[in-house]
Amino acid sequence: MKVLVPYIKKYRWDVIWSILAIFVVAFATLWQPHLLQVIMNAIMKNDKQTVWTNGLYLIGLAIIGIVGGIINTIYSARVALGVATDLRADEYAKIQSLAYADIEKFSSSNLVVRMTNDINQVQQIVMGFFQQVTRIPILFIGAVILAIVTLPELWWVIAVMMALLLGVSLFSFSRMGKYFGRMQQLIEKVNTLARENLMGMRVVKSFVQGANQTKNFAESSDEMRDVSVKIGNLFALLMPAFFLIANLAIALSIWLIGQNITSHPSNLAAITSFINYLMQILFAIINESFMLTFASRALVSLRRIHEVMATKPSMTFVSGPHRDLDGAVEFDDVTFTYPGDDKPTIRDIGFAVKPGEMIGIVGATGSGKTTLAQLIPRLFDPDTGIVKVGGHDVRAVTEADLRQTVGFVLQRSTLFSGTIAENLQQGHPNADLASMKWAAQIAQSAEFIERLPHTYHAEVEERSSNFSGGQKQRLSITRGVIGQPKILILDDATSALDARSEKLVQEALAHELKNTTTIIIAEKISSIIKADRILVLDDGRLVGSGTHLELVRHNDVYREIYATQKALEEGV
Ligand SMILES: Nc1ncnc2c1ncn2[C@@H]1O[C@H](COP(=O)(O)OP(=O)(O)OP(=O)(O)O)[C@@H](O)[C@H]1O
């Protein structure tokens, strides 16, 4: 709850108005039965004047109550929406500040649920809090006092009714709390299943996995239905039980008062207002039970939000003035283990690259090529050893300098919804049309972009579904080169390009980005055959370094990869 205090404080005036309105509503609600009693007494005495005056008071009070309710709802909603919006913005900013490893630990779909469903829960409880939390105790205490004042001899009827109502409420809502907890877990599971399934729809369709996926989804969805039915059943029993208790209390009170109504005729009016107060006590207990149940759900959500907010980034960058870094890269005895793994993925890696060199990295799948490359833009820090860029330990370089120096085109091209230009500007914020065209020429994307009706302002749909795999790769390369980085890493970035286009990209890179150090990770040796130097990885170790010819002559691992690929190409 402490997390919410600073957020709520920001809306203190809305809070004050909402609470003041509640006092008005509570007063109007509690005083209406009393006026009713006065009117009934006046009717019995045929006192028309009192009937009219109090009748008008009653109408006035009802209107004041309604207006108070509206004001309370408006201001409670302002607080709830404001808190939720600020919390969401802060959580998003916090996620942006986390290291890549921290985000992987949470998992992105889990973070999405925390930013949507969990924040919605908190929004609802803040709204409910300012609508109910002061109203319930005022109405409850006020109704108990006024009921006793109205018919003091029936105090024990109120006590017995309250004990029974609280007993039933505690029993049912504690069981419901358990079901609500399970419901939350199931919502998360169904969300994840739906997300994975819909995002991987091509795979689902091509592997004819529709039926399997539907079965998985149906199982979780069925459990959600069963839990909902259990909650529904409890509600179905709970409400009649509440009303049965209240009605029994009312019947008992009428019977008790009826015993000597002739000697106390004014009790006839008193019993109507007493019944009203009993009903107010009943509703206060029902609302309080609901609030507690929803609060326990929201507390789970709040804890999950707090978990994100309290996470200290596992990696921070130094701050300092801008420094121009050159394209030198050096690994000095680097070993790296993924968080949670028990053995290193790459070990004792050492090599140095001069500015402007073209380096190829090859190795079997899973040998650690991407892992090695990810250490250059400092997505992770090594366990031991030093990674240097431009002659400096990456841990001593500011984030802005590092991002400006290293361009990384990932294996899986990720574009964002928006326009092509907006995507390219992620690689260079001030990129104009001329630089977009220049980068697109290098990446061989100019031809298809310029054929689009809106060229560089063409829309990129969600998950870039309106572009082919090869087009996405070309757009990613365009984004990677547009900032003219000193170091450009292409992680299997041309795998979806035909051999001719791949050759054209490499030639354009060599011509246009002469001084850029290019590190190309490739499955096919043909992609890096012309590199100044090729690094060979085998099971996380650097087992060779040299030109293609040197490696073919002297390196067994390289020779084997090359021979296998050649044999495949020749159809052997
Ligand atoms: N985020 C991660 N967390 C834990 N282990 C990982 C992670 N990413 C990769 N690995 C593991 O590290 C090893 C090396 O993976 P990496 O992606 O670096 O290999 P690669 O040589 O680039 O493979 P490929 O050629 O298939 O892309 C693999 O065993 C992989 O399962």
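Heads up, the Cβ atoms here are built off N, Cα and C, so glycines get one too.
TrEMBL entries are annotated by machine, without manual review.
What TrEMBL records for 16-287 is domain 'ABC transmembrane type-1'.
The feature domain 'ABC transporter' is assigned by TrEMBL to 329-564. Taken together, the residues of the domain 'ABC transporter' (329-564) have an average pLDDT of 89.
The transmembrane segment annotation in TrEMBL covers 12-31 (among others).
Annotation comment: TrEMBL describes 51-71 (among others) as transmembrane segment.
Within its own chain, the transmembrane segment (125-148) is flanked in space by residues 4, 8, 15, 18-19, 22-23, 25-26, 29-30, 33-34, 72-73, 75-77, 79-80, 83-84, 154-155, 158, 162, 273-274, 277-278, 280-281, 283-285, 287-288, 291, 294-295, 297-298, which lie at least six positions past its ends and keep a Cβ under 8 Å from the stretch. Taken from TrEMBL, the feature transmembrane segment covers 125-148 (among others).
Summarising the annotation, TrEMBL assigns transmembrane segment to 154-173 (among others).
Residues 151, 153-154, 157-158, 160-161, 164-165, 168-169, 172, 175-176, 179, 264, 267-268, 270-271, 274-275, 278-279, 282, 285-286 of the same chain lie 6+ residues outside the transmembrane segment (234-257) yet bring a C-beta within less than 8 angstroms of a C-beta in it. Among the features that TrEMBL reports, transmembrane segment is placed at 234-257 (among others).
Residues annotated as transmembrane segment in TrEMBL: 277-300 (among others).
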